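Data block below; observations after.
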Amino acid sequence: MKSSPAELISEAKSSTQNSKMKRAVSVLDFILRLIAVVATLASAIAMGTTDESLPFFTQFIRFRAEYDDLPTLRLFVVASAFASGYLILSLPLSILHITRSSARRTRVILIILDMVMLTSLTAASSAAAAIVYLAHKGNAKANWFAFCQQYDSFCERISGSLIGSFIAIPLFIMLILFSALVLSKR
């Protein structure tokens, strides 16, 4: 059965609107990836360069606090750097989606890899947040003392470095949702 001219025009308009929506979402995807790169890279650098030394009795004996004294903070640096590297490598695919809005396979690959990065960054950030909480508050039952009264600069830096990762986590969620939205619109 032949379609009427009105139906053909309606389908063409729908296809054009769908293409414009995909392109707009792809541009937003690129911008969100750039913001997430900055957030995760800043978190990794801030945590990875955190250390503080305090004198003990004399100036020759010093106590030193570094991020790599705690394996959880090391995991945080690795996960943030890995997520940042992934986001940088995914930018060309995001540009491809702006130019070719019909690319489906690469969107599926990005959704899967975005989910992997989301879960690893969430796990590392949550574990680091627990350690930062213990550093600030301690745990009297386990006889762990809060050391942030002595190492205040160290604690401020490790607390601040969590901000970037907790900004990147919702960005990853939005990236996944936007890619799924584009895939659902045919």
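Quick reminder: no glycine exception, Cβ is built from N, Cα and C everywhere.
Look at Swiss-Prot and you will find 1-26 (among others) tagged as topological domain 'Cytoplasmic', backed by sequence analysis.
What Swiss-Prot records for 27-47 (among others) is transmembrane segment.
Sequence annotations record features per position, and here Swiss-Prot assigns topological domain 'Extracellular' to 48-74 (among others) based on sequence analysis.
Long-range contacts of the transmembrane segment (75-95) within the same chain: residues 26, 29-30, 33-34, 36-37, 40-41, 43-44, 47-48, 67, 106, 109-110, 113, 117, 120-121, 123-125, 127-128, 161, 164-165, 168, each at least 6 residues beyond the stretch ends and with a Cβ under 8 Å from a Cβ of the stretch. Per Swiss-Prot, transmembrane segment is recorded for 75-95 (among others).
Same-chain neighbours of the topological domain 'Cytoplasmic' (96-107): 19, 22-23, 26-27, 29-30, 179, 182-183, counting only residues six or more beyond its ends whose CB sits under 8 Å from a CB of the stretch. What Swiss-Prot records for 96-107 (among others) is topological domain 'Cytoplasmic'.
Taken from Swiss-Prot, the feature transmembrane segment applies to 108-128 (among others). For the transmembrane segment (108-128), same-chain residues at least 6 beyond its ends with a Cβ under 8 Å from one of its own Cβ atoms are 40, 47, 72-73, 75-76, 78-80, 82-83, 86-87, 90, 93-94, 158, 162, 165-166, 168-169, 172-173, 175-176, 179-180, 183.
Per Swiss-Prot, the feature topological domain 'Extracellular' maps to 129-161 (among others); the stated evidence is sequence analysis. Counting residues per DSSP class in helix, strand and coil order gives 19 helix, 2 strand, 12 coil for the topological domain 'Extracellular' (129-161).
Among the features that Swiss-Prot reports, transmembrane segment is placed at 162-182 (among others), with the record citing sequence analysis.
Taken from Swiss-Prot, the feature topological domain 'Cytoplasmic' covers 183-186 (among others).
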Original post:
Where does the mean pLDDT land for the topological domain 'Extracellular' (48-74)?
Top reply: 72
